[in-house]
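Below: the structure, in structure tokens.
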Amino acid sequence: ASLSPGGAATRSSISPSLWSVGRPEATVSEANEEEEQAATGSSVTPFSRTPGFSYDMSATPSAPSFLTENPAGDGGLLGVDAGPRLTGPTPSQSRFQVDLVSEAGAAAEDRSPSSDGSATAQEGPATDPGAGGEEAKGRFRVVNFADPSEAGSAASPEGGAPGEGLQNGDTVMSETSLHSSTGGQHHYHYDTHTNTYYLRTFGHNTIDAVPNIDFYRQTAAPLGEKLIRPTLSELHDELDKEPFEDGFANGDELTPAEESAAKEAADSKGVVKFGWIKGVLVRCMLNIWGVMLFIRMSWIVGQAGVALSCLIVAMASVVTTITGLSTSAIATNGFVRGGGAYYLISRSLGPEFGGSIGLIFAFANAVAVAMYVVGFAETVVELLKVIDAIMTDEINDVRIIGTITVILLLGISVAGMEWEAKAQIFLLFVLVTAIVNYFIGSFISVKAKEPAGFFGYDGSILWENMGPDFRGETFFSVFSIFFPAATGILAGANISGDLSDPQMAIPKGTLLAILITGIVYLGVAVSTGACIVRDASGSLNDTVSSQFMTNCSDAACKFGYDFSTCKSSKDGCTYGLQNDFQVMSLVSGFGPIITAGIFSATLSSALASLVSAPKVFQALCKDNIYPGLGMFAKGYGKNNEPLRGYILTFGIALAFILIAKLNTIAPIISNFFLASYALINFSVFHASLANSPGWRPSFKYYNMWVSLAGAILCCVVMFVINWAAALLTNVIVMGLYIYVSYKKPDVNWGSSTQALTYHQALTHTLHLSGVEDHIKNFRPQCLVMTGYPNSRPALLDLVHTFTKNVGLMICGHVRTGYRRPNFKDLANDQARYQRWLLRNETKGFYTAVFAEDLRQGSQYLLQAAGLGRLKPNTLVLGFKNDWRDGDMMNVETYISMIHDAFDFQFGAVILRLREGLDVSHIQGQGSKHSLKPEKNSIKDYDDEESKAPTQPLLKKDKKSPSMPLNVSDQRLLEASQQFRQKQGKSTVDVWWLFDDGGLTLLIPYLLTNKKRWSDCKIRVFIGGKINRIDHDRRAMATLLSKFRIDFSDITVLGDINTKPKKEHVTAFEEMIEPYRLKEDDMDQDVAERLKNSEPWRITDNELELYRAKTNRQIRLNELLQEHSSTANLIVMSLPLARKGAVSSALYMAWLEVLSKDLPPILLVRGNHQSVLTFYS
């Protein structure tokens, strides 16, 4: 592709396929059309055709030099990167724009000496624009992946091997690809300089992308960046529409922690990553082979015998193996970041369990450092005692040596993971040497060692030691002493962030470590039991002469020793399995190596714990679950080392080292670890039970029921080891769980808790659909026509009061007046207002529909809202206060909605407040043009338009509204908040004039059951005849008592049929005057035409026909003014109008005259199915 010297691109010199792919809207036919035009030489100016499509021509003068310079030489690998580079697309350009260079590279590829699919550039301008297009036809060009900054050095001479950093199959990125275009969300643009993305797919030009791993990344990763696939809107929307803003798919929002991870990953040079051996196997083996192996294993054999010792090892191994399998399943269900046990549990069970275990697990690891260091210090002090070199006294020596040791270990840790790993390898070598040294020694029987009880392998000794000989211990107490030696299986998982491939390393390393250490423990148990007796005096004088041999029954007698005095004497003996903790040193080929092994075991475990604790704590702090701990989230250096966490761990460890007595702390640590194991096992069971499509671990050797058994086993072992510590652990976990649940951290990790909640909701909803409704279980399930939920707060609050925890509430919103409805906006608003309801603690759902008019929209909602049995059965409307001001067709629509509700067998409820209900004009959202409420001054919420999807939808705004409100608006605002306040000692007046099934009575009963309305008494008003007032009152009292509904008073209205006052009748006639048809004063044809065009008009005939009903509404208003003018709420039977017989203007006039100038009034009409029953 060439550029003319003046800087204008000539049409003929640019490949036709380039133009069509450059704009998202280009179609195949357009591309063909342009190719024809190019062939005939006619000029096409694509800049004018495509909105939002532009080339940055400012760099034109220097462009030719980019095309001709190639310092790496012809055919050099990635040679085009080695020279000066074109800048990548800026955010203002289309992200599907293809640079001119890429087409040049494609054209030149034919003549390139190394045509291996790499993007190359040739010296001189290209002359054959079509060649490259055909060359690339039907496939993406795949280029080797290289670190951008090393692209130049990676270029090698023709035919040379690619640079070390290159890996086939990944896309090339330039420096511009890490360009953040929106606040907080990284949008990575293609560097088309080296990669012609979207050029030809399946033989034609398209921007539709083929599957690619980089579309599925959440953040930058070592082998590629987060790319964004074309959105559905960009592929599907019409040409004149702006493409929608790019966003992340559901659940892929980047938390601040993940954003920082993206930045870290971008700078991935020099990061130390470990394989499965160094990272997991070595760590786990070192952590599992603790000091127990050398100084407690022989004692356990002495107490429990060989058979039960093997059972103890096997039981512990079963618990750890099940946990290892569960860990492997979770670790292979998606990419694992740093944080070990915390990360695995929190991402599986959610932040509540994850947060509580994360804190406990980090603390347990910190205290474990102290425990291991004190174990080391005590061994050193023992050696000092032997040579009589105690510095002060034993306990202070432990403190001094422990402090020095932990400082040295901290130094190794802070020096970096590489140094720490080298130290671990050295310690493992020492440990393995000590174990081998013991086994070699066990085969060499030395005469001098016989008085101490070591006789070499012998069947009689093994048989004697086979059974238990508990002295002051029980099976479970011995088990509890051994079990901590089996923990440590999460040492590898805890540094998951430092593993090169955690999904492969964690299962392989952990399970192999459990197997190897288990075999060694069993080997030591059998070996010690087969060659050492339980009791020995250490004295050469305890030999037995041949004549006494007959009385001697012990295994030692066979070798000429009689240690029977050990059992009879008070002090006992100091040698043998039961008495000597250092018996393995005695047996070994070279004693000091066992001491070195003890040092190695303690120091390696301390070092592993010292690294694990800060890493887990750092991951916990990054997720910001506990406010105030954020400072520990900061990492330093290439490996993002948590130096602050190291200092904190060091401080905790030092505090416990200074106590120098860890017998009380050790069981708590074991319990903390076991609690983590139990939850890891439970996570697998829970995830499998939830049956979420997202749960598909690549590690298949797990079973949900085995995991559940593992979780139960862990809990049992906790109580076996120390029931008090187990109770304490459970209390701490529950306390933290409740705290995190209460704080509700703003995170969404797609946990199995969410999946199970969905699963249960679906199951119960389906189950509910199979059960017939029963009167006793009737609940008002309301479809409330609120519009935006915050635009009619009084309506929302009142309905929420009687549906909260009782029935369903759906806020219906009909969006009208759109020539072309924007469904994406509708979906966004759905999520916005659902969050608004949640933040306002309103238990309801928001559902919006687009429709031609309000009636059509309400019909959609009446038909489709809800699910199964969770469907609305009552339509709730606000009263149309302004019905006389606007178009009367709106009144026709409004009344038709009520008729539709009855047609659908719904109940209908209308709320009227004297001041009105709609406060949207105060919020600046009054018109249909404004889709989003700008300010909701009801609760001083401010609608924050924020890019970050995890931020709260509506925040409190301290500022007062900018414009002072007029008097009517001020009253409206006060009235809209009245149902949020505690209602004083007043009444709820129920005018139950017509039996609608009992809904008119049920709603006030549910209201007065709530705390806000509990001080209000129910007064019941019924119609009756003047001569039967007492009878009617008693009948109603009986009915109410059978319904078990409390009431304070029953009033029978004997004068309900009295004629209303003349002035009120006159006022009514004046009100309806403009809406009358007056057909008697015109021709019949003209009257019919007018009635057809304006169906709301009141005919003289219907006015006369319904004169009595009209008078009753006027009279009822007089009675309401007389009896209920001080009530907090009036609930009254809604008058019915026969569909088609009563015009909407007359019906509206009835409702107006009935409810005007009154306290808040709720007009209720059930669907005439019973909702109350007095049968049990």
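Keep in mind that glycine also has a Cβ here, set from the backbone N, Cα and C atoms.
As recorded in TrEMBL, the features of this protein are as follows:
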REGION    1-135  region 'Disordered'
COMPBIAS  57-68  compositional bias 'Polar residues'
REGION    149-187  region 'Disordered'
COMPBIAS  149-159  compositional bias 'Low complexity'
COMPBIAS  168-184  compositional bias 'Polar residues'
DOMAIN    191-243  domain 'Amino acid permease N-terminal'
TRANSMEM  276-295  transmembrane segment
DOMAIN    279-783  domain 'Amino acid permease/ SLC12A'
TRANSMEM  307-336  transmembrane segment
TRANSMEM  356-377  transmembrane segment
TRANSMEM  398-417  transmembrane segment
TRANSMEM  423-440  transmembrane segment
TRANSMEM  475-497  transmembrane segment
TRANSMEM  509-533  transmembrane segment
TRANSMEM  643-662  transmembrane segment
TRANSMEM  668-689  transmembrane segment
TRANSMEM  701-719  transmembrane segment
REGION    924-965  region 'Disordered'
DOMAIN    928-1176  domain 'SLC12A transporter C-terminal'
COMPBIAS  931-940  compositional bias 'Basic and acidic residues'
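Below 8 angstroms of C-beta separation, residues 276-277, 279-281, 283-285, 288-289, 293, 297-298, 300-301, 305-306, 309-310, 313-314, 317, 320-321, 324-325, 327-328, 435, 438-439, 442, 445, 453-459, 461-462, 464-466, 485-486, 489-490, 492-493, 554-556, 563, 576-577, 583-584, 587 of the same chain, each at least six residues beyond the ends of the transmembrane segment (509-533), sit close to that stretch. Under the criterion of 3 or more C-beta pairs below 8 Å, with sequence separation of 6 or more, the transmembrane segment (356-377) and the transmembrane segment (701-719) do not qualify as touching, having fewer than 3 such pairs.
With a threshold of 8 Å between CB atoms, the same-chain residues lying at least 6 positions outside the transmembrane segment (475-497) that come near it are 274, 279-281, 283-284, 286-290, 292-293, 296-297, 300, 303-304, 308, 312-313, 315-317, 319-320, 323-324, 327, 331, 336-341, 343-344, 365, 417, 468, 505-506, 509-510, 513-514, 517, 521, 605, 608, 611-612, 615-616, 619, 640, 666-667, 669-670, 673-674, 676, 717, 720-722. Long-range Cβ contacts of the transmembrane segment (398-417) within its own chain (Cβ-Cβ under 8 Å, at least 6 residues beyond either end) map to 272, 274, 369-370, 373-374, 376-378, 380-381, 391-392, 423, 495, 498, 603, 606-607, 610-611, 637, 639, 641, 643, 646, 650, 653-654, 657-658, 660. When Cβ distances are compared across the two stretches, the transmembrane segment (668-689) makes contact with the transmembrane segment (701-719), since 3 or more pairs at least 6 residues apart fall below 8 angstroms. Remote same-chain partners of the transmembrane segment (643-662), defined as residues 6 or more beyond its termini with a Cβ less than 8 Å from a stretch Cβ, comprise 362-363, 365-367, 369-371, 373-374, 377, 395, 398-399, 402-403, 406-407, 410, 413-414, 610, 613-615, 617-618, 621, 631-632, 634-636.
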